[in-house]
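As recorded in TrEMBL:
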type    : residues           : note
BINDING : 157, 241, 276      : ATP binding site
BINDING : 577, 746, 776, 778 : Mn(2+) binding site
BINDING : 649, 913           : substrate binding site
DOMAIN  : 161-358            : domain 'ATP-grasp'
DOMAIN  : 568-837            : domain 'Pyruvate carboxyltransferase'
DOMAIN  : 1116-1185          : domain 'Lipoyl-binding'
């Protein structure tokens, strides 16, 4: 039952090469030689290997007072194994990194020259090369491993199979000779069918292995397996065998002496494999029947004795689901996972190797089978520098931080794992071997999980997330896995990416310190070194406010309560509209949150806070790198008692485009769910169809509908007929019919004068006595407080103010001024003026943090000329700021005059974002081209107008009151289609689920939230840039404002709380001079008392350097490198027509080959790499057209 039919075995063993026969016959001679083995003390030992295994052998030597010698390639000059040895010598001049360690003559020369007694081959490289073992013996050097004859016989897959047959050990059907071409493989497949396994004939440590399940996979599999085998061991010949799927990979650790004795150290289960590379090993094998264990170990020992095996080795088997085991190979060397066997037996295998090589008997070492017992369970994880989220592509580069695990039951074997180590693409990706030992398998896994979580590795990606997924999987913990385990559990490859918050935050500071601010600054003024503070507030100190009324009564009841309120109500715009010009949108959430508790406690009388919407939405993403939705939620958490108000641009929400109606509905619902209450809905042209979309959406979301009429002109001036009192009262009639809760008058330029204010509000109040009226104005001319007094006397209920230090000029009228003016009157707000002053003092200091964006840099006072030019407050300061920043400050008066003309050219329109931008763009266009209104009309057909002007004339913003100016409109459009109704009326509804899935596919399931989808719908490119920025630099919103904009001072102490109870203590220690060879500057930090550093490219220093272009991930025609490495082969040339899935290039890194396939059909436009070229990840390889 447990033996393959003899006839089957014989059919694969008829032929044998002459060399194989000769080596088989040599076994008898070697056994006789072993009886007279020359016992010899080893005083100096050379390890013909690198990295972790070299250090492992050195440690064993040190414990036995043996002097150690290392060899290293040019690429390994900085590796620890060179330093750990007593002596080290550079080899491989002019050779490739791998070939250096395969150069037998040079290694022997180094050994002889330096009086080396013995050579340990480690694993990989020459460890299973019989010629190397023979060369050692011929040079009089002890080879720590099997004899050359045994290596020739068992290191060759064909000879090993024959030996197994002779020893009556079951085998899997396979070729009897190594194959060198596809035809031989196809002959085997013709007889035995698919699937087949192609394996390096001389071993490859998991490399040189490929599976082919069908004919169209065979050629590629053969080429890759042969090429990898050639690179790994210098021999590209392959062995072919029938693939046994869903089997367990069980291997037995054996040790033999030179006197015919062999023992086993029990078995290991190596079934967790990826790309035929072992990832996690377990000892002993779980759920293995004791009788079956005995059969497997007995076969391993019998085979070893049969071939005269000496020293340490591993006999490997596949165990199928029927309990049948099949021999697959012998590894004539130390295995990577030998540590598991050491842990469960207490036997130092490497020391045993050395002592046996000296001539010791197994009995001398206490290695007698009846004395070797299993003690507990062990698990080994191979931590590699591979990115599990990117198909495990090897990652290279500098380790910026390495913090290891420790503790009871944990063993760490490593070599390249330390801060500042450089991981190269030339060798294996193994970084650390972590071994956990405990009483049983489950406890060992628990220790391993704990240890892996303790590691902190930054700078290169590792496979830790994948290892954790496996270790926590129920099937693995139960010990019932096969080599198909990973294929059958795709959830193992779904990872929660590490946050790396500290690393990313340090990267951000480093970039700012080396290359300057990442948020463009408006001026050269620096933020002040201050920390504004307000008294702390406890939640229980926060009284109820108008939001409790809203929640209890609903929007309609809330509006009635507002109207019945006998005193004046104020809305505070300090958290949004008070920040005019650049300052309008640069104030960060962290500073708003500092003032929020104080506001909640002391200003519960506020009708509302305007703190969201408008331009602050996209700029929060674009320049502050923070999510506006999070801002809303966080402020709502702190301020539960005051209603929030936002600015909604009708059918445009907070964007500047025309969106389908379902977008506006979804946006408003999400805003309400996040804590928004009142929506001031407006349209930049007072175009009712656009407004109705927003009004209906807010109604569906159960928000307060505060519909706004945008004010321009002068209702007190009887000569100005276009926007007269009748226009406004009729407009209000239409809004009331739409079911609004509150009427807002939006005087965005501050054009209202006291008399006009009385006329307008009185007319509305007489007609609608129960309708709450809310007035918003800007104080550009300095008449704001007077206007508010007139408004309240005429019947207004609510007025907008900004705290004193943020008020005046193009902002809102002063809060303190209004509160004081109304004291001791029937409109008294009952707001404590002392608290207003305290609030103002906070913002006066906070404003100094935003000095680079300060409008007062150019604007020193208000100006009544606004009554002539009608420029909205925010635009007024922006236009002035732009003129001064361009050195055209003296032309600002010309811009204002042109603004008046431009407005008339466009037909005297309502001016508020975005219509105000149309007027402003045309005005600047006229100044730049020295045009008058007359010139525009006369030269209209030859001029190239700003795109905003063209879009306005198309009807993209809606229809202006009085219509478009003709024939100017027609001439500007030059045949373009006109929109004469609502621009978004025919837009198809968006599929949010589809968009969400596309974003998750691109950025990851764990990153994209519902609110991100909405932000993407509003501003697609901005949202993508925001996510990319956050992934690169982390939660930069945690930095204090000054540090965020310009970085910290040297030796400045920063405490950054990345989560509750977890604080990063950061100090910038210094910045290095420019490293000429790389163009880097190194920034040194102390983080939580530990020295850290970041290397940053100095962009100014390298601007003239030529660098390889990167593939644009958003351009499907560009094919980039999935990993860093060397280009082995280019499969396409310019002009070739290729199809999706065609191979275009083959890359190699860390001895692993990766095929790059085309993601689409196309024609090769350009090839950007050459064979043999070293490239980095995402480097452009092929460009299609």
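For all residues, glycine too, the Cβ spot is worked out from N, Cα and C.
The residues near the ATP site, meaning same-chain residues not in 157, 241, 276 whose C-beta sits within 8 angstroms of the mean position of the site's C-beta atoms, are 174, 197, 198, 199, 200, 209, 239, 240, 328, 329, in sequence order. For the ATP site listed in the record, the two most distant Cα atoms among 157, 241, 276 lie 16 Å apart.
Each residue contributes its Cα atom, and for residue 241 (ATP binding site) and residue 746 (Mn(2+) binding site) these two points are 81 Å apart.
Helix, strand and coil content of the domain 'Lipoyl-binding' (1116-1185), in residues and according to DSSP, is 0 helix, 38 strand, 32 coil. Cβ neighbour count for residue 276 (ATP binding site): 18 (other Cβ atoms within 10 Å of its Cβ, all protein chains included). Counted over every protein chain shown, other Cβ atoms within 10 Å are most numerous around 778 among the binding-site residues 157, 746, 776, 778. Take the binding-site residues 241, 649, 913: by the count of other Cβ atoms within 10 Å of each Cβ, the lowest one is 913.
For residue 778 (Mn(2+) binding site) paired with residue 913 (substrate binding site), the C-alpha to C-alpha distance reads 15 Å.
Distance from the CA of residue 776 (Mn(2+) binding site) to the CA of residue 649 (substrate binding site) is 16 Å.
Of the candidate binding-site residues, 157, 746, 776, the one lying closest to residue 913 (substrate binding site) when CA atoms are compared is 746. If you take every residue in the domain 'Pyruvate carboxyltransferase' (568-837) and average the pLDDT, you get 94.
If you measure from the Cα atom of residue 776 (Mn(2+) binding site) to that of residue 276 (ATP binding site), you get 70 Å.
Distance noted between the C-alpha atoms of residue 746 (Mn(2+) binding site) and residue 157 (ATP binding site) is 85 Å.
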